[in-house]
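Got these off Swiss-Prot a minute ago, pasting:
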- 1-63: region 'Disordered' (REGION)
- Ser7: phosphoserine (MOD_RES)
- Ser45: phosphoserine (MOD_RES)
- Ser48: phosphoserine (MOD_RES)
- Ser74: phosphoserine (MOD_RES)
- Ser77: phosphoserine (MOD_RES)
- 98-119: region 'Disordered' (REGION)
- Ser98: phosphoserine (MOD_RES)
- 98-109: compositional bias 'Polar residues' (COMPBIAS)
- 129-187: domain 'bHLH' (DOMAIN)
- 194-214: region 'Leucine-zipper' (REGION)
Amino acid sequence: MTEPGASPEDPWVKASFADAHAGEGRAGRARARRGSGRRGAPQLSPESPLLSGARGCREDSSHPACAKVEYAYSDNSLDPGLFVESTHKGSVVSRANSIGSTSASSVPNTDDEDSDYQQEAYKESYKDRRRRAHTQAEQKRRDAIKRGYDDLQTIVPTCQQQDFSIGSQKLSKAIVLQKTIDYIQFLHKEKKKQEEEVSTLRKDVTALKIMKVNYEQIVKAHQDNPHEGEDQVSDQVKFNVFQGIMDSLFQSFNASISVASFQELSACVFSWIEEHCEPQTLREIVIGVLHQLKNQLY
């Protein structure tokens with residue numbers, strides 16, 4: 001503390017002012033270095049009157065702090081209270097600016113970081129969900145294929161039969177498919193064969209229906225005229241026709257049969273039946289006998 005009547009020329013006053021000026025200059029330069037890379041940090045230029053001490057304040061009296069310093073040195077008198085207050089306020093302001101700039105630069109932007117973290121977590125969770133969904137779909141596909149091969153082995157009979165070349169080993173997928181293809185081809189052939197048989201049977205049914213209709217008409221005609229034709233052919237004529245047919249057949253039978261053994265007789269009988277009892281041969285024999293009887297009667 002200085003006395004109210006102390007002169008600015010006092011060495012103690014000069015030393016105190018020089019120390020304050022030096023401290024203020026060091027603090028300003030430190031703040032300038034710390035705030036050089038920060039946006040909005042307060043900086044003091046070398047021409048600032050606060051860095052130049054009392055001389056700077058005398059040259060630039062427009063600064064508020066310089067007004068108090070100039071008043072303290074006016075009229076060759078020094079007001080220690082005003083000087084200490086000015087120095088204290090300057091140091092407090094510089095310290096507050098330094099703390100504010102440091103805190104402003106050190107406090108992180110929590111909203112942006114939270115949003116970035118949430119986006120990264122959402123991306124990771126989305127990738128995990130897609131990976132799990134893909135894994136589940138792939139597992140379902142493999143299970144469906146496995147069930148299909150198991151069903152084929154159960155349905156196809158050739159897959160159930162044991163192949164001795166393979167042994168007791170499990171059938172591979174290629175073998176199951178090949179056996180299935182072979183079985184399907186076999187089913188197609190059987191289907192075609194059965195369709196042909198069905199077509200033949202349908203034709204036979206149609207022919208039988210026509211014959212049935214014809215026989216029904218013959219029966220109906222005979223029922224309408226039951227006595228028609230009874231007196232036209234006598235029993236003697238019928239016997240003569242039968243006798244003529246049998247004589248012709250016996251002639252060929254007697255010429256073809258050998259009775260040396262039972263085996264030869266059996267062979268000759270079957271050979272004679274196949275040769276002389278055909279429909280066309282019998283037809284010719286009957287026509288010839290009828291012509292002979294006609295000539296005899298008329």
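Just so you know, glycine gets a Cβ as well, placed from its N, Cα and C.
In terms of burial and nearby residues, how do these features look in this structure?
With DSSP states grouped into helix (H, G, I), strand (E, B) and coil, the domain 'bHLH' (129-187) comes out at 46 helix, 0 strand, 13 coil.
Across the range of the region 'Leucine-zipper' (194-214), the DSSP-based residue counts are 21 helix, 0 strand, 0 coil.
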Can you tell me the mean pLDDT for the region 'Leucine-zipper' (194-214)?
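Mean pLDDT, the region 'Leucine-zipper' (194-214): 93.
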